[in-house]
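Undergrad: Just dropping this structure here.
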Amino acid sequence: MSSQTSSFDLTGDRAGESTVDPLVERLDALDSTVVSDALDGLHLPAGLGGLRPAWGTPRFVGRARTVALEGDSGGSPGPHLGTSVVADARPGDVLVMANGGRLDVSCWGGILSLGCVQQGVVGVVADGACRDVAEAQELGLPVFARGVSPRTARGRLRQRATGVPVQVEDVTVSEGDLVIADDSGVVFVPADCAEEVLAAAEAIVEREAAISADIRAGVRIDQAMHDVRLAGHTDNEADAEQVLHQGQEEGR
Ligand SMILES: O=C([O-])CC(=O)C(=O)O
Ligand SMILES: [Mg+2]
């Protein structure tokens, strides 16, 4: 599966830098649902619904750069929120704007999108509203947000901190965590257990492929698609079948 990143017209100084990141490359071969299932299996927060692409059906994978926002009643003028992180962003980064799901004000806009594309940023997750959607689309920058608002962040929001752990619903996102966003939602993978989560997700892909192959071969779906097999509690179909039949006999 190829990510949206490859189609960007990157023109900024950093846009041409190498972005080889083995864990991100492995993540790019997956989709958000199997990564979510892997997180479930490890009892970790399993991603977020409700964050939708502001345009089209893009997908991206990358590393989180966090921006914590808070309300502002009109402080002193300064650089726009997020700009310090965008200016220092590296190819493959994903901007995570933590705005507590607020929909009454935008926390993302088109000039910020332009800055991102210049730096090789692959996507934006805005826990709140965004604006200038057509500009993001024209730039080819995926922006996942909870909605849109024409109301500027200026005078309404300010940057509380950058590079700190931020809360997005029940998920704590830290700088450098892996992110995958696609048509099923947005999933964050803690950097310190990425290897374990990816290995679990890759195993799920194999199990799902085996189940699909059985169904294509004519096995009834209510026999092939069994929780025991999906969860990987057995390594082989014979054991899964045995557990399935035991369960059926016990009336489960
Ligand atoms: O003013 C804002 O809220 C941000 C904005 O529109 C942009 O980046 O273009
Ligand atoms: Mg604007």
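Placement of Cβ uses the backbone N, Cα and C atoms for every residue, glycine included.
Just so it is clear, the model here is predicted, and its values are computed rather than measured.
TrEMBL feature annotations, pasted as is:
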- Gly109, Gly110, Ile111, Leu112, Arg131: substrate binding site (BINDING)
- Asp132: Mg(2+) binding site (BINDING)
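Quick one: how deep are these features, and who are their neighbours?
TA: Long-range Cβ proximity for Arg131 (substrate binding site), meaning a same-chain Cβ under 8 A and a gap of 6 or more residues, is found for Ser106, Trp108, Gly109, Gly110, Val148, Ser149, Pro150, Arg151, Thr152. DSSP assigns Arg131 (substrate binding site) to coil, not to a helix or a strand.
Contacts of Asp132 (Mg(2+) binding site) defined by a Cβ separation under 8 A and a same-chain sequence distance of 6+ are given as Trp108, Gly109, Gly110, Ile111, Ser113, in order along the sequence.
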Undergrad: Starting from the Cβ of Gly109 (substrate binding site), draw a 10 Å sphere and report how many other Cβ atoms land inside it.
TA: 21
Undergrad: How many other Cβ atoms sit within 10 Å of the Cβ of Leu112 (substrate binding site)?
TA: 29
Undergrad: Using the centroid of the Cβ atoms of Gly109, Gly110, Ile111, Leu112, Arg131 as reference, list every other same-chain residue with Cβ within 8 Å of it (recorded substrate site), in sequence order.
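TA: Apart from the listed residues, the neighbours are Ser106, Trp108, Ser113, Leu114, Cys130, Asp132, Glu135, Ala136.
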Undergrad: Can you list which of these binding-site residues (Gly109, Gly110, Leu112) have a Cβ closer than 6 Å to ligand 2?
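TA: So the answer is Gly109, Gly110.
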